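Below is one structure; the comments refer to it alone.
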């Protein structure tokens, strides 16, 4: 274990590392596409309701089910209220909150890097820094307003604390961060603490007094955090609610057509494919880390204590993969909590691979070993990770049309005293949230081929933010079976604007006509959106110079006759460009 670095050099390292990571994460806050409708409807919309008194409501927020935490929403409302106090528009409030998420993620990642440098291995810390700097998976997850992203940051802090020498303080810190991530964020992230608990039992074997005192304090803090969360959520819902337990009940114990599987299932290899896209060869080094650690232990390359320490750090990655691979319902966001563990395992795997390679070369010929270009190989690995990650990030921008189109509605000349309806059909799941609409606009749904349940609307409220009626009133026409609710739809005649996506190969149906070719509507603003059916896989997954994507048209349509000041739209187009 390396000696501790001077406090001054560590503080300088923190400032520089945090600054670079913050800049990189802020690019995510500015440009990342919201690719999960759950993030919008279950988190951004309730946050908008808390801040402004109106927004869309999913069945999960009905007090009958209560599987979403208002405490989690309220925590993110703090920077929202600060941004409002600064006089920012609702769109800028959205990006301000994202910026706070970016900086918090950078803070957590910096703590992990310095913890690895102090207590583990400086070479691994360098590899970890490079992986985090250029990793497209972390770039996306860092600014997601999802409980799994929140849990990811808490796991990062817990992992940082775990790397310090054993003590009561370490145990309390690790348990506290895991509890915060599980109770306020996502309860399943608690499974990542299993290796640490086992390590503690091994370290304190036979010293029951120390074990009792250490864990008594840790459990007390965990219960305190849990009690605070239950209290806050119960105040919002106006009834006793333990949301984390409700989530577990719904996802694990639900029967009779309930549960997550009704929203779709994926094959066992889904996560390997997805992690390969998000982390490229970083995943390979992470997967190799476990076998390399076992090999090192069997060949006496590392002692038993080092083996236990390494195993407790990297095993959560494999445990998490196993747990979620066997679940039929799979989502990209379910992997977020292990992203920092994956990156650390990859850094360790890269370090051990290089050392193993050098050892093999030494056994062959010392001259060959001395000429082996270690630094060049490391730089090549970094370059491959960086190029693939940048290509992935750029490719995702091909889906950013909704983030451009919706704000442009505010440039259309409308009467601010009249509520306008912005309607969406098949594109309901790409809606970026009410933060992107003008103050006097409301999102409405028109019938499409989708036959599941769509969000309803919170009861609009002028009450103080902590006592809005939508928190505790039981809404009508909600169900947990994903059954279609016809009350969600509005007539096309009541729409003022319509958002649609059109491709050259689009075929009209009764419920999904090609609106731009109909008599009643005309597109007034169009933005390119990648055509995933006509673009080869490599062109969709990565920005490849020799593969030109095929494009569709993401459109704002208005009723005929058109009564719009087109100079405003031209100005909007220039600003977005």
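Including glycine, each Cβ sits where the backbone N, Cα and C put it.
Per Swiss-Prot, signal peptide is recorded for 1-29, and the stated evidence type is sequence analysis. Sequence annotations record features per position, and here Swiss-Prot assigns topological domain 'Extracellular' to 30-68, 117-136, 198-217, 302-305, 355-375 based on sequence analysis. As annotated by Swiss-Prot, transmembrane segment applies to 69-89, 96-116, 137-159, 177-197, 218-238, 281-301, 306-326, 334-354, 376-396, with the evidence given as sequence analysis. Annotated topological domain 'Cytoplasmic' per Swiss-Prot: 90-95, 160-176, 239-280, 327-333, 397-577, in sequence order, evidence recorded as sequence analysis.
Highlighted: of the candidate stretches 69-89, 96-116, 306-326, 306-326 has the greatest count of Cβ pairs under 8 Å to the transmembrane segment (177-197).
Long-range Cβ contacts of the transmembrane segment (376-396) within its own chain (Cβ-Cβ under 8 Å, at least 6 residues beyond either end) map to 32-33, 35, 127, 130-131, 133-136, 139-140, 277-278, 280-282, 350, 354, 539-544. Using DSSP to sort the residues of the topological domain 'Cytoplasmic' (239-280) gives these counts of helix, strand and coil: 25 helix, 0 strand, 17 coil. Per DSSP, the secondary structure of the topological domain 'Cytoplasmic' (160-176) breaks down as 12 helix, 0 strand, 5 coil.
Long-range contacts of the topological domain 'Extracellular' (198-217) within its own chain (CB-CB distance under 8 A, at least 6 residues past either end) are made by residues 166, 168, 171-172, 308-309, 311-312. Per-residue pLDDT, averaged along the topological domain 'Cytoplasmic' (239-280), amounts to 94 for this model. Residues 108, 111-112, 114-116, 118-120, 193, 196, 200, 203, 213-215, 217-219, 221-222, 225, 312-313 of the same chain lie 6 or more positions beyond the ends of the topological domain 'Cytoplasmic' (160-176) yet place their CB under 8 Å from a CB of it. For the topological domain 'Extracellular' (30-68), the DSSP counts in helix, strand and coil order read 21 helix, 2 strand, 16 coil. Counting residues 6+ beyond its ends, the topological domain 'Cytoplasmic' (327-333) has Cβ neighbours under 8 Å at 35-36, 38-39, 141, 144, 146, 148-149, 259-261, 263-266, 270-271, 274, 278 in the same chain. Distant neighbours of the topological domain 'Cytoplasmic' (239-280): 63, 65-69, 71, 135-137, 140, 182-183, 186-188, 226, 229-230, 233, 286, 321, 324-330, 332, 334-335, 342-343, 346, 384-385, 388-389, 392, 472, 480-482, 541; these residues of the same chain sit at least 6 beyond its ends, with a Cβ under 8 Å from one of its Cβ atoms.
Residues 292, 295 of the same chain sit 6 or more residues outside the topological domain 'Extracellular' (355-375) yet have a Cβ under 8 Å from a Cβ within it. Packing against the topological domain 'Cytoplasmic' (90-95) from elsewhere in the chain are residues 29-30, 44, 48, 51-52, 80, 83-84, 407, 410, 433-436, 439: each is 6 or more residues past its ends and has a CB under 8 Å from a CB in it. A Cβ distance under 8 Å defines the sequence-distant neighbours of the topological domain 'Extracellular' (30-68), meaning residues of its chain 6+ beyond its ends; these are 74, 76-77, 80-81, 84, 90, 93-95, 97-98, 139-140, 143-146, 233, 237-239, 241, 243, 246-247, 250, 331-333, 396-397, 399-400, 402-403, 428-435, 442-443, 453, 455-458, 460-463, 465, 468, 470, 472-475, 478-480.
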